[in-house]
Every structure is written in structure tokens, then in C-alpha cells.
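These notes are about the structure you will find just below.
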Amino acid sequence: MKAFVAFIVIGAVLSAITIPVYSVYDTPELAYSHFKKIQSYSKKFLQMSDVALTNFEDAQYYGSLLIGTPPQNFTVLFDSGSSDLWVPSVYCYSSTCRLHHTYNHQKSTSYVSNGKKVTFDYGQGGVSGYLSQDTVTWGGYKIPNVTFAELTNMPGSEWGSDKFDGLLGMAWQSLACNGCSVVFQKLYATGALGTNNSFAFYLTNVDNKAGSTLTLGGYESNLSQNDWVWHPLLSQTYWQIKLSGVSVNGKAITGTNMKAIVDTGTSILVGDAPIVDQITKEIPEIKTDCSNIKSLPNVTITIDSTNYVLTPQNYVWKIFQDGIYECTSGWQAANFPSELANTLILGDLFISTYYTQFDMGNKRVGFATAIQSSST
Ligand SMILES: *[C@@H]1O[C@H](CO)[C@@H](O)[C@H](O)[C@H]1NC(C)=O
Ligand SMILES: *[C@@H]1O[C@H](CO)[C@@H](O)[C@H](O)[C@H]1NC(C)=O
Ligand SMILES: *[C@@H]1O[C@H](CO)[C@@H](O)[C@H](O)[C@H]1NC(C)=O
Ligand SMILES: *[C@@H]1O[C@H](CO)[C@@H](O)[C@H](O)[C@H]1NC(C)=O
Ligand SMILES: *[C@@H]1O[C@H](CO)[C@@H](O)[C@H](O)[C@H]1NC(C)=O
């Protein structure tokens with residue numbers, strides 16, 4: 001029995017790997033300008049425009065990824081709200097591409113051509129290119145035969161952040177472009193993760209602070225209170241689960257067929273206006289100088305029958321700049337398309353409060369109370 005237990009533990013250590021992820025806003029200045037941008041979204045604007053789920057201003061956590069043989073180095077956003085991998089191509093002549101590492105398939109001996117044209121439509125405008133196949137190395141694991149997009153057209157300055165070159169989607173195959181690989185699933189298929197077909201995101205709750213991690217093939221047991229509760233997925237598209245209810249200070253908001261999507265690519269708590277308007281109506285105006293945080297109500301999000309409390313410290317976004325704190329609400333209403341009616345996106349403010357396991361093998365999401373790096 002002892003030997004058996006030791007075997008399991010060693011197996012776990014060998015198969016799971018934790019890699020650090022970094023916030024796009026790694027200087028106080030960048031964090032602050034992002035914060036101001038969100039603060040300036042007027043409600044009216046959000047009511048009128050659909051906020052794309054993969055919103056590049058909001059996508060926050062990136063890390064490194066190698067493509068090809070010998071490996072070419074990229075930084076990519078890890079986005080649980082989409083499913084594709086793309087990086088800029090050396091054949092991209094948009095000025096944005098010149099600010100980034102670009103993929104040169106001619107320099108890779110493991111490249112296999114495909115050439116199928118592909119377009120991704122995002123909130124900030126579309127990008128396009130074609131599919132290619134190559135070996136991807138992620139967290140030290142080699143993943144052969146990944147079909148991904150090399151982009152030849154990336155108009156617009158929104159893509160110009162020098163923090164990341166591309167995107168690595170971590171949602172389900174059904175959201176991926178036709179013929180494209182979901183990289184995590186390809187990694188699992190190599191056997192490198194053993195039988196553990198899951199990954200976990202731990203995000204620190206302080207901007208700019210190191211310590212956020214993505215674990216492939218398991219989770220770290222020292223980052224939460226280990227009070228894991230699992231929730232079955234409603235569909236294998238987004239990481240979409242049932243939202244049983246939301247209440248603010250005990251007052252229940254109403255909505256039929258409410259859903260939640262767990263999305264590492266969204267900073268805040270964005271939701272369909274009919275839901276979020278009811279929540280924000282119950283929350284007094286948040287003073288910019290943060291002086292009334294303590295008097296604000298808790299918001300309780302009920303998933304299946306578990307209550308996840310967000311205190312004002314969790315849902316108010318707080319930024320320290322030039323020696324003072326500034327606060328803004330983490331709740332934003334948007335007009336979602338009809339298939340996402342009454343949906344709430346649980347973004348990074350939620351994930352930093354509740355350490356999240358994305359379990360592809362069992363088609364479920366698990367949350368545990370995160371050990372937070374600060375309680376201010
Ligand atoms: C890739 O880039 C990252 C970040 O700059 C660096 O830490 C890593 O060592 C590089 N890896 C390779 C194989 O060049
Ligand atoms: C990858 O594709 C090549 C041909 O393109 C094939 O020979 C090889 O078996 C494939 N490897 C895996 C692991 O699928
Ligand atoms: C493997 O995945 C499950 C999710 O089903 C997780 O709860 C379990 O603890 C993981 N194992 C390791 C070693 O992390
Ligand atoms: C958690 O444990 C891992 C080893 O499993 C270690 O590398 C890491 O530093 C620990 N993190 C914290 C916050 O204690
Ligand atoms: C809000 O939730 C926290 C954590 O669960 C709890 O300690 C606090 O008493 C709650 N506040 C109110 C006003 O219910």
C-alpha cells in the first residue's frame with residue numbers, strides 16, 4: 001500500500017508541470033492605463049456594442065511557447081475563452097507584425113504545409129492568415145503535428161502590444177477553426193500528462209505581482225484551501241456552467257436559464273446587461289478614492305448549489321498609482337448575442353478569488369478558495 005501511494009505521488013510529480021504566467025500589464029503604468037480604459041467605458045457604449053469574448057484589451061496572462069524545429073520562440077496569451085492557436089507569420093506585412101516574433105516555416109524541418117485560409121473575427125477587428133502544421137513545445141513538452149494559424153494580416157494597432165505575439169486558446173474543439181488543433185488536447189494525446197486531462201489557473205489578485213501560474217496535467221495543492229467543488233459543463237464549447245443564482249446582500253436577481261463562462265481571457269466580470277444591470281443597481285457607487293469599499297455589499301454567485309461569495313475586495317478593481325489607490329467596479333454590462341443571453345463571464349477577478357481547474361477528461365470545472373497574495 002505504501003509503495004502504491006509512493007508510486008502515485010511520483011507519477012503526479014512527473015506528469016504535472018507548473019509554468020509561470022505573466023500579466024500583460026507588468027508595469028504600473030500599463031496596468032494603470034488598462035484600468036483607466038475600463039473605467040472610461042461608459043455604460044452606454046457597452047450597451048451598444050457587443051463585447052467579444054476574446055477581448056484583447058482584457059486578455060491578461062501570457063507565457064512562452066516554442067514552434068518548429070529548431071524551436072522558434074513566442075509569447076502567447078493563454079485564453080480559456082477561445083480554442084485556436086495563432087502567431088504572426090514572417091510573411092505578414094502589417095506593421096503590427098513587425099513588432100512581434102514571427103513564425104518562419106521555411107526554417108523549420110518539422111513544418112508540414114496546409115495553406116487553408118482562416119479569419120478570426122475579434123472585437124477589435126479581424127485578423128487572417130492560413131493554417132500550417134508543426135511541432136509545438138509547451139512547458140517543456142513536445143507536441144507534434146499541431147495545426148495552427150500563421151497570420152499574414154493583422155490590421156489595427158490593438159494588436160501592437162509588445163507583451164505577446166499570439167494567442168493559445170484553451171477551450172473546446174467545437175470553437176476551434178475547422179481542421180485546427182486544440183493544443184492542450186494534442187498535449188494530452190502525447191501521453192506526457194499521464195491520465196490527467198486537466199489544467200489549472202492560479203492568478204494573483206494584485207496587478208503586476210509574480211506568482212500567477214498555469215499547471216498542465218493537474219494543480220498545485222498549496223495555492224488554495226483545497227475545498228474543491230466540481231461543476232459539470234453545460235456544453236463543450238466555452239467552459240460553460242450553470243449559474244443557479246446571483247444575490248447581492250441577500251437580494252436575489254432574476255433571470256431565466258442563466259449561465260456562466262469561466263474565461264482567463266477576460267479581466268473583469270462582464271455579463272449580459274439584463275443580469276449585470278440588476279447586480280450593479282444594488283451596489284452603491286464605488287468611490288474612486290476607494291473610501292467606501294468596506295461598506296459595499298457582498299455578491300454571492302451560486303453555481304449548482306454552491307455559493308461563491310465575492311466581497312467588495314474581490315470585485316472592486318483597485319490600482320496603486322503615484323502613491324494613491326484608485327478604485328473602479330469590476331462589473332460591466334454588455335449586450336451579448338442571443339446564444340449568450342443571461343450569461344455572466346467569470347473573468348480574472350473571479351479566478352483570482354477561486355483557484356480554477358479546467359477538467360477536460362471529466363467535462364467539468366472545479367473551484368477552490370484561492371490563497372490570495374494580499375487582503376487589502
Ligand atoms: C524563449 O523566450 C523566453 C522569454 O524571453 C525565455 O525565457 C526562454 O529561455 C526562451 N527559450 C528559448 C528556447 O529560446
Ligand atoms: C505526424 O505527422 C506525420 C506526417 O505528417 C506522421 O508521419 C506522424 O506519424 C504524425 N505523428 C503523430 C504523433 O501523429
Ligand atoms: C488530475 O485531474 C483531476 C481533475 O479531474 C484533479 O482533481 C487531480 O487532482 C489531478 N491530479 C493531479 C496529480 O494533480
Ligand atoms: C507550491 O509548491 C510547489 C511545489 O509543488 C513550489 O514550487 C511552489 O513554490 C509552492 N508555492 C507556494 C506559493 O508555496
Ligand atoms: C461578506 O463575505 C465575507 C466573506 O464570506 C464575510 O466575512 C462578511 O461578513 C460578509 N459581509 C456581509 C456584509 O455579509
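Numbers run from 1 along the shown chain.
Yeah, the Cβs are placed from backbone N, Cα and C, and that goes for glycine too.
According to TrEMBL, the feature domain 'Peptidase A1' maps to 61-368.
When secondary structure is read from DSSP and collapsed to three states, ASP79 (active site) falls in the strand class. The active site feature in TrEMBL is assigned to ASP79 (among others).
Around CYS97 (disulfide bond), a 10 Å sphere centred on its CB holds 24 further CB atoms from the protein chains shown. Summarising the annotation, TrEMBL assigns disulfide bond to CYS92-CYS97 (among others).
Per TrEMBL, active site is recorded for ASP263 (among others). Counting Cβ atoms from all protein chains shown, ASP263 (active site) has 28 others lying within 10 Å of its own Cβ.
On its own chain, CYS327 (disulfide bond) has ILE286, LYS287, THR288, ASP289, CYS290, ILE293, VAL316, TRP317, LYS318, ILE319 as residues at least 6 apart in sequence with a Cβ closer than 8 Å to its own Cβ. Per TrEMBL, disulfide bond is recorded for CYS290-CYS327 (among others).
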Inter-residue Cα distance where the pair is ASP79 (active site) and CYS97 (disulfide bond), in Å: 20
Rounded to the nearest Å - Cα separation of ASP263 (active site) and ASP79 (active site): 7
Site of maximum Cβ density within 10 Å, from disulfide-bonded residues CYS92, CYS290: CYS92
Length of the line joining the Cα atoms of ASP79 (active site) and CYS92 (disulfide bond), in Å: 23
Count of other CB atoms lying within 10 Å of the CB belonging to ASP79 (active site): 26
Secondary structure of CYS97 (disulfide bond) (DSSP, helix/strand/coil): helix
